[in-house]
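Note sheet for the following structure.
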Amino acid sequence: MNKLMEWMERYILPVATKIGSEKHLVALRDAFIGTMPATMAGAIAVLLNAFMRDFPNTYLGEGNAITTFFTPVIGVNGLIWNGTLAIMAVVFALSLGANLAKAYEVDPVSGSIVSLVAFIIGLPDAATAVLTLPEKLSQDAMDMITTAGGVIADGTDGGQTLSMGAWGYFNFGKYMGGSGLFTAMIFGFISVIIFALLMRKKIIIRMPESVPPAVARAFAAIIPAVVSLYVVGTINYIFQQTAGVPLIDWISEAIQKPLMNLSQGYGAVFIIVLLVHVLWFFGLHGTNIMSPVLQTLYGTAMVENTNAFQNNEPIPFKWVAGSFEAFVWPGGAGVTLVLIVMILFLSKRADYKTVGKLGIAPGLFNINEPVMFGLPVVLNPLLMIPFIVAPLVTATIAYFATMAGLVRPVVVNVIWVMPTIISGFLATAGDWRAIVLTIVNLLVAALIWAPFILAANRLDPNLGEPEE
């Protein structure tokens with residue numbers, strides 16, 4: 001065990017530390033965190049509509065008294081969703097631009113604007129509607145439609161198809177929700193990095209000192225912004241002309257979808273949970289270090305699920321970011337809430353008892369730092385095994401239960417300090433089976449933790465209950 005720890009401290013920890021402090025990954029992590037006000041507002045709106053509209057309609061039928069009574073609130077919730085989760089790619093583009101600009105120590109407001117515009121540049125602004133007609137139109141009608149820019153073709157069964165194009169149309173549902181996050185991320189990085197490098201090289205318009213600072217900053221950003229946005233625009237134009245499809249569609253099909261599908265495999269979930277807890281064991285915030293991966297893949301899936309649930313569409317992803325918090329590590333990394341309970345019931349050591357009593361209140365709200373560093377769990381060879389094994393087992397149970405349809409996939413982003421059991425129930429929009437799954441995982445984790453707490457009693461028999 002000591003040799004393993006020495007090897008990891010020598011080879012793994014330096015790499016993990018560098019990754020955790022790499023400014024681009026930190027900016028990406030903070031960008032997702034920065035969207036929290038919008039995501040939580042949208043999640044609350046979706047959750048309220050689940051209880052005011054979806055549940056009553058399912059169990060009481062359409063037009064029931066509860067849904068009718070809350071119709072105005074349901075409408076307001078829909079508007080809030082439209083302005084938050086429905087345009088999450090836009091919100092993320094702003095947040096990424098600001099945080100990346102901060103990382104390069106340039107103006108974050110200009111960075112957020114550049115990132116947003118770079119994303120909008122890549123959005124298709126034209127649409128084509130196709131209408132199938134059962135009968136052929138008259139010649140006068142066809143001439144009028146053709147003059148207006150429509151295209152008429154012969155269809156099957158003696159009918160016709162009418163195609164009409166429109167310009168200046170952005171597809172909110174297709175591009176501005178979770179499906180646009182990867183494009184917002186890619187072009188946010190490209191545009192803001194170019195912008196920041198030019199700013200730092202002082203390739204700017206300099207204004208006299210008498211000019212107000214706000215005006216000077218705006219003029220200074222003009223040349224870097226123009227260059228970076230022209231680079232993004234050129235990339236999008238060349239790609240569409242050569243490939244025949246918008247770059248955002250290609251990114252979605254060739255990059256985003258394969259990665260999202262890969263994230264749904266058990267192996268991906270297992271590796272994520274393992275890495276998070278190995279890093280935590282060595283005193284590094286595993287959840288934060290892995291946040292770029294967790295949020296890029298599973299956070300995107302979370303947004304897609306919430307939007308699909310709001311629109312009464314099939315849920316696209318079984319496993320999302322909220323699945324980890326609801327079922328894998330209730331009470332914090334390592335299922336430490338169970339550790340605290342086991343200490344209070346089974347430990348005979350005064351030091352463990354003291355930490356357990358201090359840690360139970362924050363542990364109920366998934367705050368486990370008092371236990372991680374006070375017990376400590378960090379670098380404790382005895383507790384390493386249950387700390388890593390317990391969440392791997394709970395992840396396995398929750399994963400296969402979700403994939404088998406025994407519990408509804410997580411569809412609502414619940415704030416991470418929501419107490420265990422309630423969290424899973426709300427995250428699945430009120431699925432009572434989520435409560436059962438959480439209890440099962442807590443009991444299994446207790447069976448894993450208990451022998452090691454008893455072993456800790458034997459390791460230090462001289463420590464007993466403190467005298468009153």
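Glycine residues also receive a Cβ, built from the backbone N, Cα and C atoms like all the rest.
Quick look at what TrEMBL lists:
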DOMAIN    8-452  domain 'PTS EIIC type-3'
TRANSMEM  31-52  transmembrane segment
TRANSMEM  79-101  transmembrane segment
TRANSMEM  113-133  transmembrane segment
TRANSMEM  175-198  transmembrane segment
TRANSMEM  218-239  transmembrane segment
TRANSMEM  266-284  transmembrane segment
TRANSMEM  326-346  transmembrane segment
TRANSMEM  382-401  transmembrane segment
TRANSMEM  410-429  transmembrane segment
TRANSMEM  435-456  transmembrane segment
Inset, instruction - Take the domain 'PTS EIIC type-3' (8-452) and average the pLDDT across it for me. - result: 87
Inset, instruction - For the transmembrane segment (218-239), could you work out the same-chain residues 6 or more beyond its ends whose Cβ comes under 8 Å from its Cβ atoms? - result: 107, 110, 113-114, 117-118, 121-122, 187, 190-192, 194-196, 198-199, 203-207, 211, 246-247, 250
Legend entry - Chain residues in Cβ proximity to the transmembrane segment (435-456) (below 8 Å; excluding those fewer than six residues from its ends, i.e. six or more beyond): 326-328, 330, 335, 337-339, 341-343, 346-347, 349, 352, 382-383, 385-386, 389-391, 393-394, 397-398, 401, 406-407, 420-421, 423-425
Legend entry - Interface present between the transmembrane segment (382-401) and the transmembrane segment (31-52) (three or more C-beta pairs under 8 A): no
Inset, instruction - Please give the sequence-distant neighbours of the transmembrane segment (79-101): residues at least 6 beyond its ends with Cβ less than 8 Å from one of its Cβ atoms. - result: 24, 26-28, 30-32, 34-35, 38-39, 41-46, 49, 107-116, 118-119, 172-173, 175-181, 183-185, 188-189, 191-193, 195-196, 303, 306-307, 310
